[in-house]
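Residues or ranges marked as transmembrane segment by TrEMBL: B:20-39, B:88-108, B:120-139, B:151-172, B:202-224, B:258-280.
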Amino acid sequence: MRGKVRLREHVMGWLFVGPFGIVFLTLLIAPLAYALYLSLFQKKLIGGTSFVFLDNYVKAFTDPSFISGSWFVIRFSLVSIPLQIIMALALALILDAVTSLFSRFSRLMIFLPYAIPTVIGAVMWGFLYSKSFGPLTDLFGLFGATPPDFLGSNLIFYGLVNIVTWQWAGYYMIILYAALQGIDPALYEAARMDGAGKWQIALRIKIPLIAPALLLILVFSLIGTLQFFNEPQILRSLAAGTIGPDFTPNMYAYQQAFALANFNYGSAISFALGGVVFVGVYGFLFLTRKRRSFL
Amino acid sequence: MTSDLSRAGARRRPQRHLPLQVLLGFLVVYFLVPFWWVIVNSSKDAPGLFGGGNTLWFADRIDFLGNLEQLFTYDNGIYGRWILNSTLYALAGGVGATILAVMAGYGFAKYRFAARRFSFSLVLGALMVPATALVIPTFMMFSEFGLTNTVWAVILPSLLNPFGVYLMHVYARDAVPDEILDAARADGAGEIRTFLQVAFPLMRPAVVTVLLLSAVASWNNYFLPLAMLSDNRLFPVTVGLGLWQGIASANNAGSTSLWSLIIMGALMSVIPLVIAFFSLQRHWRGGLSVGGLR
C-alpha cells in the first residue's frame, strides 16, 4: 500500500511538471549547451570551422568593444538601479500613507508605463528628446538657453537613465506597495504608543518589513539592466553618431551574429554575458541569504 | 496578513497630507508627459507637426482620423497585420506559458516526486539566466529545423517562464491546503479532477497574474522577433515600428508622412494593453504581492 502511494506521487508529480520540463530542456538547457559548444569554434575563410577551445573568450575579454560595452552596463546599473528603487520606494511609501481618490488615480498613472513595450517607450522619449519634435527647444528657448541634447554623446547616458526609470519605477512601486499593504497596521499603532513618529515608522518598521520585496526588485532590475538592448537599439537611429553597434554587450553580440554572420563569436559573447549575470546575481543572493530572501 | 475588518478599522480616517499630494501631482505629470505628447501629436497633419508650433499642444488643424486612416492603409495595411501578429504572439505565448507554469507549480508544491528538489533548484537558477543570452543559440537551433522566420520561432521560446513556475509554486503551496485535496481524493476524485475542480479555482488570482505577466512579456518582446524574423509580414508591432523609425531617421527629409505614422502607431499599440491592465486590475493586484512577500 505504502509503495503504491509513493509510486503515484512520482508519476503524478512528473506528469504535472513534465510538460514544463520538456520546454525547459529544449528551450533553455539545449540552447545554453549549444551556445557553449558554438563558442568553442571559429570559422575562418580558409580552413573552415576549427576547434579553438577558449580562444573566443580570450578574444572577448580583450576586445575593446566588449569591455567598453560591459563597463557601460555596469556604470549604468550603478546609477539607474538605485535611482529606480529609491523612486519606487518613495512612491510606494507616499501612496501607502496617503489615502484619497487622487492617490488611487496616481497609483494607476504611475504604473501605466509598465504596460508600454520598452520599444514604444523608447520611441516616445526619442520624440521628446528630438530637436525637431520635442518641447525642449521651445522650453529652453524661453530663457534663451541652449536645450540639452539627450541624444548627444554627453547626455545619452542620462537620457537612457530617464527612459528606464520612467518605464520601471511604477512596476517596482506596485510590488513594494503590495508588500506595504500586507503589513499589520497594529504594528504602527504599537510604534506610535512607543513614541515613534511617521519617519521612524517608515524607516524602522515599513522598510525592514518589505526587505524581501526590495531584494526581489533589485535582482530583477540587475538582470534586466545587464542585458540592456531595446532602448539603445531603438535610439540608435536617432543618435547614430552617439550609440555605436557595440554600445552594450548584447548589442555587440547581436551585431556579431546577425550583421557579420559571426555566430561563434556572437555565441561566446552571449554565453559570457549570461555567465557573468548568473554568477553575479547568484553571488549577490548568496551574500544576502542570511536575511529572509525571496528564494 | 490581517483580516479586512481590522484593516478597515485602523484606516478609517482618510489620510490627506496635502504637501505629499502636490508632490504626487508633479510625479504624475512626469509619468504622463510622453502619453500626452503622443496624443497631441497624433492629431497633427504634416504642417502642424513640422511647422514649429507648440509641441505639447494641439495645432489649429486637427487631423486625427486622417492619420488613423493613413496608418491602417499604408503599405496595404501592414500595421494592422503587425497588431494581429502581436496579439497572436501574446495570446499563444501567454496562455501556453501559463498552462505550463500552473501545472508545474502545482506539481512542485503538492507532490513529493523523485528529483523534485533538484529540479526546482534548476528552475530557480533559470530565473537568473538573462533571456537574451538564449536568443542567438535558439536562432541557430531553429534554423537547423527550418523554424526561423515562422510564427513558431516567436511563440515557442515565449513558453518558457520560470518566474511563472516559481510564483505558482509559492501560491499553490500557501493557498491550496493539503486537507482539501485529500478530502477530494477520499471522495473518489482522481488526481486530474482534484487539480482542475478543487485546486485550480483556489489558484485563480495567481493564474491571472502569471497570464498577464507572460502576455505582457510576449507583447513587449523585441530582441527575439528581431533576430528570428525576416519577413516583415510576420513582425510584431514592436519590431515593425522599430523598422519604420530606422527608415524615417535614415532619410529625414523624404519621410515626413512616416513620422506621423510612427506617432499614431505608437499610440494605437499601447491602447490594447492599457485596456487589459485597467479592466483586469482587481485580479492581478492580489497575485503580484505573492512574489514579493516571501
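Each residue, glycine too, has its Cβ placed from N, Cα and C.
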Same-chain residues near the transmembrane segment (B:202-224), Cβ under 8 Å, at least 6 residues beyond its ends:
86, 89-95, 97-98, 101-102, 106, 131-132, 135, 138, 154, 157-158, 161, 163-164, 167-168, 171-172, 175-176, 180, 236, 238-239, 242, 273, 276-277, 280, 283-284, 286-288, 290
Using a Cβ-Cβ cut-off of under 8 Å, list the residues of the same chain that are 6+ residues beyond the ends of the transmembrane segment (B:151-172) and lie near it.
85, 88-89, 92-94, 96-98, 100-102, 104-106, 108-110, 120, 123-124, 126-127, 134, 138-139, 142, 199, 203, 205-207, 209-210, 213-214, 217-218, 221, 224-225, 228-229, 234, 236, 287, 290-291, 294
What stretch of B:20-39, B:120-139, B:258-280 shows the most Cβ pairs under 8 Å to the transmembrane segment (B:88-108)?
B:120-139
